[in-house]
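Peer 1: I'd like to ask you about the structure that follows.
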Amino acid sequence: MGKVGAVPNRRLASVRGVPATSPPGRRARLSSPGTSHQPSEAREEMRRRLRNLIEGNRVMIFSKTYCPHSTRVKELFSSLGVDYNVLELDRVDDGPRVQDMLTEITNQKTVPNIFVNKVHVGGCDRTFQAHHNGLLQKLLQESSANDYDLIVIGGGSGGLSCAKEAAILGKKVMVLDFVVPSPQGTSWGLGGTCVNVGCIPKKLMHQAALLGQALQDSRKFGWEYNQQVKHNWETMTEAVQNHIGSLNWSYRLSLRENGVAYVNAYGEFVDLHKIKATNKKGQETYFSASKFVIATGERPRYLGIQGDKEYCITSDDLFSLPYCPGKTLVVGASYVALECAGFLAGFGLDVTVMVRSVLLRGFDQEMAEKVGSYMEKHGVKFLRKFVPLMVQQLEKGSPGKLKVLAKSTEGPETIEDVYNTVLLAIGRDSCTRKLGLEKIGVKINEKNGKIPVNDMEQTNVPHIYAIGDVLEGKPELTPVAIKAGKLLARRLFGASLEKVYHTLFWPLEWTVAGRDNNTCYAKIICNKFDSDRVIGFHILGPNAGEITQGFAAAMKCGLTKQLLDDTIGIHPTCGEVFTTLEITKSSGLDVTQKGC
């Protein structure tokens with residue numbers, strides 16, 4: 001057999017194919033100074049050479065000659081008549097360190113470690129499982145001539161993070177994003193829930209409510225004014241939506257600058273490596289990719305009672321509602337429900353929260369009840385142990401009038417009342433059931449639509465990954481999705497190393513008010529020769545004292561840049577910026593901010 005995966009001899013490593021004896025595969029040799037304590041350049045060189053083996057061979061097996069599981073896998077491919085390349089880690093100079101690097105790439109600590117057409121299949125059990133369910137044969141049959149290296153389905157925080165990082169690492173990437181309008185007809189632009197109908201507009205409206213409270217507090221600080229102050233809903237929503245629109249545009253621009261193709265269309269799998277994209281006009285286009293990432297997130301749940309989709313709104317609709325909601329019933333006791341009830345009451349509206357059981361299920365109940373007590377003191381009414389039975393429209397209007405019939409959860413008692421707006425905040429459902437996952441064998445939890453994945457965000461189909469709120473048993477948080485997307489791209493396509501960072505930033509509270517952008521500044525100084533330990537911390541911006549106090553304790557405990565990178569940010573806050581620093585001062589790259 002001829003050479004496979006051969007590359008020229010280099011100072012740090014060499015890879016060459018050699019004839020195999022038994023079984024009839026191909027063996028590669030890789031020598032390297034190791035990974036654990038070697039210079040970063042040598043580590044990256046080894047990573048690159050492993051990638052060359054993975055990407056240069058139809059089947060690549062990382063094995064050990066004495067491992068019975070490795071032998072079983074080799075025998076499987078031989079029985080299928082499939083040519084393979086093998087690297088025996090016990091026969092290369094630095095096998096343990098090579099295996100460490102493989103663990104870093106795949107998060108798999110054992111051998112055999114198998115790749116088919118650049119897709120990480122896994123170990124022995126997963127390979128045989130893929131063989132038995134037909135996935136292995138399909139992977140072996142796939143041509144490498146796909147349109148893209150990676151297609152990301154979903155243009156939210158996690159999807160965009162993954163797509164941009166993969167493109168930075170030199171891959172050909174596409175993002176498919178399509179917002180199905182809510183029952184009330186609301187849709188939005190690129191950026192996902194957080195930017196359009198979640199964290200960002202919620203905090204801006206919360207800030208608007210806080211300003212109203214500050215006006216009341218100001219009299220006690222000596223501010224004297226006689227004119228009546230009232231809140232204008234339309235002015236606020238226009239300002240909030242203008243800011244969101246600017247973020248939508250900045251995300252599109254960022255994708256373009258990084259060479260990521262963006263298609264505003266609904267993605268649906270039609271084959272293992274092929275997806276159908278349907279735009280708002282119903283036009284269909286087909287694209288293929290070596291790997292896919294599902295990052296479609298979740299949408300609000302409805303009650304399933306008469307009048308809910310016809311007359312109720314959800315958080316999908318609230319932040320762009322063209323009129324003041326007036327007297328509002330919030331159904332649900334989630335954090336979304338309480339946050340929305342809080343800022344609506346802060347605008348002076350009549351707000352009632354209907355609670356089925358307890359406040360903030362899954363949270364510390366002592367803290368949850370303290371939250372409830374505080375809200376009651378500030379004007380929010382709670383209707384406990386009731387659930388809606390029917391919503392009936394009495395009058396049309398902006399807002400109109402709705403009659404709500406509700407039933408006690410503890411007996412036969414029913415009540416009814418009239419509201420201008422009914423806001424449902426009873427949970428969210430994963431957007432996975434209309435993606436064609438059943439056609440390609442991706443398993444989901446049928447009860448909640450969530451996707452089970454392994455520690456590498458890999459589904460049961462080896463080249464399909466998932467991140468963000470669609471994952472089963474994972475935190476539903478924007479910064480988690482952002483971090484997961486970036487780390488997934490680095491695992492799939494190779495990581496880069498960075499040192500000593502800074503950035504300008506724009507506090508969210510300043511955006512709508514139009515206060516100066518890119519005047520706040522964050523900087524850390526790291527000791528390169530001490531694991532990038534943070535020895536200097538600088539912040540110019542709101543709440544600088546509180547932020548610095550927290551990080552000061554971390555620095556006393558040996559804070560490093562890697563620990564900051566591994567920290568999930570609290571979103572959206574100013575302190576979060578230190579978990580996302582990427583640009584070194586010496587690089588000279590632009591640090592101005594164009595998004596959240």
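Cβ atoms here come from the backbone N, Cα and C positions, even for glycine.
All annotation found in TrEMBL is predicted automatically rather than curated by experts.
What TrEMBL records for 1-45 is region 'Disordered'. If you look up TrEMBL, you'll see 59-121 marked as domain 'Glutaredoxin'. Annotation source TrEMBL lists domain 'FAD/NAD(P)-binding' at 148-485. TrEMBL lists 499-580 with the feature domain 'Pyridine nucleotide-disulphide oxidoreductase dimerisation'.
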Peer 1: Which residue counts does DSSP yield for the domain 'Pyridine nucleotide-disulphide oxidoreductase dimerisation' (499-580) in the helix, strand and coil classes, in that order?
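Peer 2: For the domain 'Pyridine nucleotide-disulphide oxidoreductase dimerisation' (499-580), the helix, strand and coil counts are 28 helix, 22 strand, 32 coil.
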Peer 1: Per DSSP, what is the helix/strand/coil residue tally across the domain 'Glutaredoxin' (59-121)?
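Peer 2: Helix, strand and coil residues of the domain 'Glutaredoxin' (59-121) number 27 helix, 16 strand, 20 coil.
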Peer 1: Over the domain 'FAD/NAD(P)-binding' (148-485), work out the mean pLDDT and round it to an integer.
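Peer 2: Mean per-residue confidence for the domain 'FAD/NAD(P)-binding' (148-485): 95 out of 100.
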